[in-house]
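Visitor: Here it is: the structure, laid out below.
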Amino acid sequence: MVDYHSAGQPYPYGGNGPGPNGDYMAQEDDWDRDLLLDPAWEKQQRKTFTAWCNSHLRKAGTQIENIDEDFRDGLKLMLLLEVISGERLPKPERGKMRVHKINNVNKALDFIASKGVNVVSIGAEEIVDGNAKMTLGMIWTIILRFAIQDISVEETSAKEGLLLWCQRKTAPYKNVNVQNFHISWKDGLAFNALIHRHRPELIEYDKLRKDDPVTNLNNAFEVAEKYLDIPKMLDAEDIVNTARPDEKAIMTYVSSFYHAFSGAQKAETAANRICKVLAVNQENEHLMEDYEKLASDLLEWIRRTIPWLEDRSPQKTIQEMQQKLEDFRDYRRVHKPPKVQEKCQLEINFNTLQTKLRLSNRPAFMPSEGRMVSDINTGWQHLEQAEKGYEEWLLNEIRRLEPLDHLAEKFRQKASIHEAWTEGKEAMLKQKDYETATLSDIKALIRKHEAFESDLAAHQDRVEQIAAIAQELNELDYYDSPSVNARCQKICDQWDVLGSLTHSRREALEKTEKQLETIDELHLEYAKRAAPFNNWMESAMEDLQDMFIVHTIEEIEGLIAAHDQFKATLPDADREREAILGIQREAQRIADLHSIKLSGNNPYTSVTPQVINSKWERVQQLVPTRDRALQDEQSRQQCNERLRRQFAGQANIVGPWMQTKMEEIGRISIEMHGTLEDQLQHLKHYEQSIVDYKPNLELLEHEHQLVEEALIFDNKHTNYTMEHIRVGWEQLLTTIARTINEVENQILTRDAKGISQEQMQEFRASFNHFDKDHCGALGPEEFKACLISLGYDVENDRQGDAEFNRIMSLVDPNGSGSVTFQAFIDFMSRETTDTDTADQVIASFKVLAGDKNYITAEELRRELPPEQAEYCIARMAPYRGPDAAPGALDYKSFSTALYGESDL
């Protein structure tokens with residue numbers, strides 16, 4: 001018997017649970033009768049045990065309300081035991097006295113003890129007195145014996161069997177893991193899983209949520225009560241709000257599910273047994289149907305195949321007989337093997353079916369009439385009998401037809417070759433291509449005709465062979481002799497026609513050859529004289545149409561003289577043209593007399609009379625055109641010469657004037673007469689005189705435009721071009737403007753740096769001394785020599801090179817490789833005058849800042865104009881020193897950045 005105390009938990013009603021000897025309420029030595037239950041557990045047990053008792057008492061038409069009061073007289077206790085056991089108990093005593101009640105309870109306890117349950121620890125007096133703990137313990141003992149003890153799953157029973165049953169049923173469900181009868185059931189999913197496993201239509205399991213246990217529990221309780229007739233024995237709130245639900249209450253309720261579904265399992269077992277029997281029967285019926293269909297199909301195939309094998313009617317051609325042989329071999333190779341397999345499978349299926357029927361106590365299978373295995377074997381024997389000799393008969397027929405078919409094929413091949421050779425021959429012999437042929441064509445046609453005559457004679461043997469084969473096929477009674485005879489007759493008739501046409505064509509070719517030889521001599525004469533004359537006309541046309549390009553009067557006068565000489569040769573050329581055309585007319589007369597259609601092309605030349613006449617007419621048209629073109633060009637060259645002289649006269653005045661002005665400007669920029677203001681005034685007057693000269697340049701531009709419009713590209717009367725004049729004018733304006741700007745910058749530098757007039761003249765003298773080419777700029781070596789002359793230590797050593805590179809970076813920051821006079825003055829002024837420095841600006845900011853190392857925005861706005869103050873605030877970096885105040889600005893880095901000593 002199963003030990004319900006295997007988990008080592010104390011038995012709450014004073015016993016050790018079922019022991020090895022099957023006792024359910026073994027007495028404990030240390031049992032305290034006054035020990036009270038956990039209030040939550042007691043509440044759960046009262047509700048569960050009451051509902052369980054009522055689920056059985058209602059069968060007797062009664063129920064209890066208070067479990068520890070309603071069982072005190074023992075009457076309903078005895079009734080409960082009769083209902084759940086199905087046995088009659090001794091007649092109860094109906095008295096109201098205490099002794100009557102004790103006797104009734106003892107009768108109930110004696111009945112429980114008779115079922116192998118130890119009830120020594122349960123006293124009838126305590127039940128009669130309404131001891132709740134003892135009453136609940138007694139009911140739990142009854143539940144164990146009559147509701148749980150009989151549960152058996154595999155080799156486990158009672159509690160372990162019920163737990164294993166729950167685990168098996170809920171295993172497929174997510175979030176369900178039944179390990180006990182307390183906390184495994186708190187979320188309600190296990191109850192719902194049990195119901196869904198047996199009655200899936202009652203529960204929508206996928207919609208349940210593990211985090212909503214009250215809803216899950218109520219759903220399971222309501223469905224069980226409504227559809228499974230299992231009363232609600234538990235409260236969802238009690239289970240959820242209890243850390244560890246009462247195990248006995250849960251077991252009692254779960255056992256009701258077990259008993260409710262056990263009936264369904266029995267019905268399912270019975271249904272499975274019926275289905276198994278029906279499945280065997282259906283399988284047998286399916287095998288019977290398969291046998292009937294397979295046998296019917298096989299017999300039908302045999303019935304259709306035997307007449308085909310028995311047909312021995314000969315065919316006309318070897319191809320047809322070979323096809324029959326191929327069909328037979330295809331039958332033996334493709335069609336028959338599956339049928340052999342079907343016949344074998346049919347016998348196997350029949351034997352298997354009979355064995356299954358015999359083993360399942362079914363009557364033997366009797367196929368339909370004519371579909372017995374013996375009927376199939378008989379039909380198969382007839383089939384194999386029909387096969388015998390069929391292949392041998394086919395091979396004999398093929399051997400008989402093979403020579404005859406070979407002879408017929410030989411006839412067809414020779415006839416086809418001959419017909420292919422004769423194709424187009426009649427049309428070729430009938431054509432009159434010689435009427436339009438040249439002499440060389442006629443000779444080629446005669447040689448070609450001779451070759452054809454040789455080929456015709458060679459084909460005579462083939463025609464005779466074709467006729468002989470046709471005669472042999474007639475004698476062997478070939479089935480297609482009529483078509484052979486018709487084809488042979490057609491070949492013979494065509495052969496006679498070809499012979500007649502060959503003779504007629506030879507005569508026509510020889511006659512035409514003689515006539516064309518005469519015409520050919522005339523064509524040769526024509527070609528010898530037409531070719532040189534045609535070349536002369538083409539050369540003349542090229543010369544008359546030649547695009548002459550002349551630039552002088554002398555050149556056009558030479559062209560006019562050459563043209564006059566050409567015109568003097570035209571009468572002799574016209575007489576030669578008439579003689580050449582007369583030769584062509586004579587050749588055409590002979591062709592017309594003998595009905596010869598000339599192709600129109602002289603084989604010796606491509607120059608036709610039409611070409612000669614066309615080119616001669618073209619020469620006649622080009623001569624006056626050339627006359628007019630030469631006269632027009634002569635007039636144009638005379639006009640161009642006048643334009644050249646006009647432009648040269650003006651250019652020879654403007655060019656030297658600009659050159660003189662350029663030299664004077666260079667001299668003014670170098671010489672140092674008077675003050676800078678005097679030089680500036682003199683240069684501006686000089687600039688105005690240059691601007692006043694511009695109308696002369698505009699007049700020259702007008703003359704140049706006329707020259708360009710006349711497409712005059714050279715002028716021997718002057719060395720000046722308009723491009724030279726324009727460049728010189730632009731250079732003149734640029735030079736005077738640059739020189740004025742240099743003087744203005746020198747004045748600005750002098751005033752800003754406090755340079756005296758004597759110092760400025762000294763700087764100019766030094767600069768001019770080393771500006772050897774008078775270009776207005778010093779190269780690096782010239783500048784170094786100048787610095788050395790002024791006392792700077794820039795000799796060719798390491799220290800001197802470093803100093804020179806520093807100075808060059810100041811005067812030539814762009815790295816152009818030259819030093820202008822303005823850059824030279826700036827450098828010298830910085831070296832000789834007092835200038836602002838970064839240190840001076842830092843000192844000024846320190847005064848504004850009150851001798852602090854930083855300055856604030858308020859101090860800048862207070863001491864500087866608004867625009868300069870905001871400029872400084874926007875560009876000054878925050879001051880990071882240890883004495884920095886909020887909003888402190890770094891005026892030192894700002895000052896050094898102003899002079900390029902750091903980044904702004």
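For all residues, glycine too, the Cβ spot is worked out from N, Cα and C.
Just so it is clear, the model here is predicted, and its values are computed rather than measured.
These came from Swiss-Prot, pasted as-is:
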- 1-259: region 'Actin-binding' (REGION)
- 43-147: domain 'Calponin-homology (CH) 1' (DOMAIN)
- 156-262: domain 'Calponin-homology (CH) 2' (DOMAIN)
- 406-511: repeat 'Spectrin 2' (REPEAT)
- 758-793: domain 'EF-hand 1' (DOMAIN)
- 799-834: domain 'EF-hand 2' (DOMAIN)
- ASP812, ASN814, SER816, SER818: Ca(2+) 2 binding site (BINDING)
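Help me see these features in their spatial surroundings.
Guide: As a whole-number mean, the pLDDT of the domain 'Calponin-homology (CH) 1' (43-147) in this prediction is 89.
Secondary structure of the domain 'Calponin-homology (CH) 2' (156-262) per DSSP, as helix, strand and coil residue counts: 69 helix, 2 strand, 36 coil.
Broken down with DSSP, the domain 'EF-hand 1' (758-793) shows 23 helix, 2 strand, 11 coil.
Taking Cβ pairs closer than 8 Å, the domain 'EF-hand 2' (799-834) reaches residues 742, 745-746, 749, 752-755, 759-760, 763-764, 767, 776-780, 783-784, 786-787, 790, 792-793 in its own chain, all 6 or more past its ends.
Taking Cβ-Cβ distances under 8 Å and a sequence separation of 6 or more, ASN814 (Ca(2+) 2 binding site) has no neighbours in its chain.
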Visitor: If you count, for each of the binding-site residues SER816, SER818, the other Cβ atoms lying within 10 Å of its Cβ, which residue has the minimum?
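Guide: The binding-site residues SER816, SER818 were compared, and SER816 has the fewest Cβ atoms within 10 Å.
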Visitor: Centre the Cβ atoms of ASP812, ASN814, SER816, SER818, go out 8 Å, and tell me which other residues of that chain have a Cβ in range of the Ca(2+) 2 site.
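Guide: The answer, listed by sequence position, is PRO813, GLY815, GLY817, VAL819.
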Visitor: Across all chains shown, how many C-beta atoms besides its own are within 10 angstroms of the C-beta of ASP812 (Ca(2+) 2 binding site)?
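Guide: By my count, 18.
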